[in-house]
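J.: Once you've had a glance at the structure underneath, I'll fire off some questions.
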Amino acid sequence: METLKEEEQFRNFDTPLLNTPHHLKEETQIQQKEREQQQQQQQQLQQQLQLQNERENRNHNITEELNKIPSSNNSSNSSSPNPLSISVSSSLGSASSIHLTPQGTIGNYLVIKTIGRGQFGKVKLGYHKKIPNEKVAIKIINKGKLDPETLKMVQREVRIMKLLHHPNIIRLYEVIETSRALYLIMEYAGEGEVMDFMIAHGVLTESQARTFFTQIVSAINYCHSKRAVHRDLKPENLLLDCNRQIKIIDFGLSNVFTPGSYLKTFCGSPTYASPELILRKEYNGPSVDVWSMGVVLFVLVTGYLPFDGDNYVELFQKILAGNYTIPSYLTHECKSLISRMLVVDPDKRATMEEIINHPWLSSTKQIILSTTMTDSLKNLNSCLEQQINVENLLNQSLNNSNNNNINNINNINNTMATMNNSNNNNNNNNNNNNNNNNNNNNNNNNNNNNNNNNNNNNNNNNNNTTTTTNATTTTPITSPIQNRNNEELDQEIIEELVGLGFEREELCNSIRQNKYNDAASTYFLLQGKKLRESQQNQTDNAKKLEKFYSEPLTIPAHVGENSPLIKYKRHHKRSNTVDSPKSTNTPQYRSSNTQQNNHHHQQQQQQQQQQQQQHHHHTQQQNQQQSQQQYNNNNHNKPPTPTIVTTQASTTVNNHISINNNNNNNNNNNNNNNSSTPGSNTVSSTQSSSINSSVNPSPLCLSNAVPVSLREKLREKEATTTNTTTTTTTTTTTTTNTSSNNSSNQSISSISPPTSTSPNLQPFSLASTANNNNNNNNSNNNSNNNNNNNNNNNNSLNSHIQRRATASSLQQQQQMQQASNTRRLRSNSSSVADQSQRQESRKLEDDWVIFEDYSNDGHRDGQPKNYHLQPSSLSSHKKQKSPVHSFLSSFKNILKRSDDKSFNSSSSNNNTNNNNTTTSVSTNNTPRTLEVDHQNSNNNNQQATSSSPNVTSPSSPSQQQQQEPRIVRFVFGVNTTTMKDAPELMQQVLKVVDTFCIPHTKKAPFLIECETEGVRFSIEICRLPRLSVNGLKFKRIGGSSWRYKSICKDLLSQMKLNSH
């Protein structure tokens, strides 16, 4: 009973609480919230105390460990042998002790490892000694390797980075300069490039792309407001920090512009370059960045580039024509924004104001405008307000109110003019006029008032002169000194820095005067760290990050190795392409996707086919031998009939076959032994297989480029075409060999189509004696054509050619041994004009490419830059065109060229084996059709020569390596280009080197090493297959860079690189 009563009392006690008025319930809820807030505050205070204690303990431990390390700025001498224990916080927030071995110390920073390589130096990861877990990026630039022009570019980059303070631009903290190097301490963005992010996640949605693009627009708009232009915007130069914030890097190509003027420096990456850069027109800075932003936005929303091509000619043509397609799945607003930015005419292209006000960015317009006004500008406004208030107080104490108002107006106009970045000269003129008016007005006043007004005017003039001096030296317009009070600075950070050993007054002065020293950099590092921690603790930001990364894609996208952007990644390992080295010991006629497991099985099958072909050749050639001899006896004065070998490959075959008989005395012996061994009138199985591999285009050249369907078709057609091609080639060789009994050294050539434009290369082993051999061969050819019935002359001629061939073969063997260990074999790529080959070849890889700076006349330092292809008809007295103009015009001339240009090449005889004639077949991997010469030998008294070098064994890599220069993929890998043949160009180089009396040694037929004036350098002739030209490459091995450049300029000035 008692328990029941207690329960009733408890219920009665609860009932009034349940029936309490509404306002009483609200009071109780408010009290509960206040209690919860107090508890949270207490927890936060406890956490802050714990963090402070942890920091003090870490600083104490680090200082003890750093005292053991010898303090030195030299990174080589300052590295400690024992590893340094540094507490590094992981991405999950848990602190873990990791043993890091610093490579050295630079100021207050420990250098850990190399994280990248820039245009002018390396970028290393560093840790601050006094701030735990604070990472920085240290860009190290070796001043000894910089010429005056690049040194100016580095200094300009530093000045522009000092000017820019934006949350989406990488920040410069400190500059340390020594006699040897320049150290730039910059902000570290640890999430990597946007390109890596897209390769890992695929195509971005429009909302994700909008967040990235909003930050890019905000940063670029801020740069343009500071009169700075980036000129190298691309996803590789966009980094991400831990809070998914864009950080723009690499201001090495940036410059300052003035409104209404034009820039003349042509730089950037080809796939992101605007049409005015390609056409070498003068341009205004913002339009170039707008075009690059359009390409970046296209890449963000589609996952591939809008302009792409197999080579630079096709790429530039698409850019100049504005030929691109926008996917249909994009919204109308996104399509319109991309189309407005990718306008070929820079005058009609969208401006930054139009981009900010575009409907696609309407939701983020306020973010762009708010982030454009950075802390520096806000502080500048506060400084102006303080100055105006002080001046008003001074003016109130004066008697003459009219003059005071004029001074206030002048001061306001002067300061607002610096904020709006107007012309400095106009501002100075206005200030001088205003000051003169003030002086005239002050003449009517008292002497005291005149003195005060003149002092104010002098102060204004001093402020204006500081800005004009910067403008005259083409430096960015720097903001005035930020007169920050101690109240504006973060007192917690200052107290922490004072505890670390910094003096309060020096610290405040360095921050106020915007100095880039140790004190200011440490302050800004702690400020940035505090801002990042506050952003990470915000729940809204964490939710946004989760939503950003978890947002589903509207279209399927390839990621990882299957991403279409993987080939544009600068550090990605390149796959085997047409220009990559390949071994030619194995038979070249195989499919492009053959695996290594089936390699030996294919070799066995080919050997069986070759053995079957040998028996077929013997029986067929014995039947044809008598008929061919009768035909040649009756028609020995007529030129050989043209034979055209066609195959069913996917590309057109343009190989040239030249057949030389060295011994006519051995014909009888060889004819008697036809039943047992193949003689001069037959071709061995190895030779027929080599002809087959040379006539058909090597599918190895199309590796990783031919689609799967084309590869399957090629594999199916290989089995059907092997037998037909070998029989046709053997019949052609027998006809020519039998006809050459009376006239040796006859060649079969055909009319080359206008698509075959690669210049002819002479045999590599006879480069030193090319002139003598050419003259002797031409005279021998003329004498043989005029005296076909004279056997004595033929015997003497053949013996002379045989002796020369054996001598050249000995020279080739010696050079093979020297060059086989140091040089690599590279196969030729297809011609620029071959349409079918271009469709099957691999797409152009966009490495970071920097064009050269040109003046109005296309020269730099008085030296012409022939980086691109120039037309052969260009004469010396004509005005020199720009490299890109000549590059495009020469491509048009190549397509229209027919038989105007004579292809001269020297046919050299090779060594003989067992007194048998050898068949020399051109083995250029570039496919060609057989040239047929219909000219009559009686009228012209001259035989047409083949336009490709003669190679004894096409399957041997060492000999093919010797007879062709090294392949260079891109134009910027050489110093200059020319249409001359490689042997002729080598003779020109040797002639110029001899005129300057420079001692040199010939390391290879197309490579020499020179040493003079304490400078050692090499000169190499390279091959540019994409442009069908030869390049000249200079490389400094040792010595002073100044003397090396002067020597190279002298040598290039004396070389005649234009083809005649």
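Cβ coordinates are placed from backbone N, Cα and C, and glycine is handled just like the others.
According to Swiss-Prot, the protein has these features:
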- ASP232: active site, proton acceptor (ACT_SITE)
- ILE115, GLY116, ARG117, GLY118, GLN119, PHE120, GLY121, LYS122, VAL123, LYS139: ATP binding site (BINDING)
- 68-88: compositional bias 'Low complexity' (COMPBIAS)
- 409-475: compositional bias 'Low complexity' (COMPBIAS)
- 577-594: compositional bias 'Polar residues' (COMPBIAS)
- 603-613: compositional bias 'Low complexity' (COMPBIAS)
- 620-637: compositional bias 'Low complexity' (COMPBIAS)
- 650-699: compositional bias 'Low complexity' (COMPBIAS)
- 720-760: compositional bias 'Low complexity' (COMPBIAS)
- 761-770: compositional bias 'Polar residues' (COMPBIAS)
- 771-799: compositional bias 'Low complexity' (COMPBIAS)
- 811-831: compositional bias 'Low complexity' (COMPBIAS)
- 904-926: compositional bias 'Low complexity' (COMPBIAS)
- 935-965: compositional bias 'Low complexity' (COMPBIAS)
- 488-528: domain 'UBA' (DOMAIN)
- 1-52: region 'Disordered' (REGION)
- 67-88: region 'Disordered' (REGION)
- 409-488: region 'Disordered' (REGION)
- 560-701: region 'Disordered' (REGION)
- 714-886: region 'Disordered' (REGION)
- 899-966: region 'Disordered' (REGION)
J.: Under the DSSP assignment, what numbers of helix, strand and coil residues are found in the domain 'UBA' (488-528)?
T.: 30 helix, 0 strand, 11 coil
J.: Which chain-mates of GLY121 (ATP binding site) that are at least 6 residues away have a CB under 8 A from its CB, listed by sequence?
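T.: In sequence order, the residues whose Cβ lies under 8 Å from that of GLY121 (ATP binding site) (at least 6 apart) are LYS139, ILE140, ILE141, ASN142.
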J.: Rank aside, I only need the closest one: which of the binding-site residues ILE115, ARG117, VAL123 has its C-alpha nearest to that of ASP232 (active site, proton acceptor)?
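T.: Checked the binding-site residues ILE115, ARG117, VAL123; minimum Cα distance to ASP232 (active site, proton acceptor) goes to ARG117.
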J.: Using a 10 Å cut-off, grab the number of neighbouring Cβ atoms around the Cβ of ARG117 (ATP binding site), all chains included.
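T.: For ARG117 (ATP binding site), the 10 Å Cβ neighbour count is 11.
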J.: Counting across all protein chains present, how many other Cβ atoms fall within 10 Å of the Cβ of VAL123 (ATP binding site)?
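T.: There are 18 of them.
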J.: Compile a sequence-ordered list of residues in the same chain as ILE115 (ATP binding site), six or more apart from it, whose Cβ lies below 8 A from its Cβ; state 'none' when nothing qualifies.
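T.: Listed in sequence order, they are VAL123, LYS124, LEU125, ALA137.
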J.: What three-state class does DSSP give ILE115 (ATP binding site)?
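T.: The three-state answer is strand.
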J.: Once the DSSP letters are reduced so that anything not helix or strand counts as coil, what is ASP232 (active site, proton acceptor)?
T.: coil
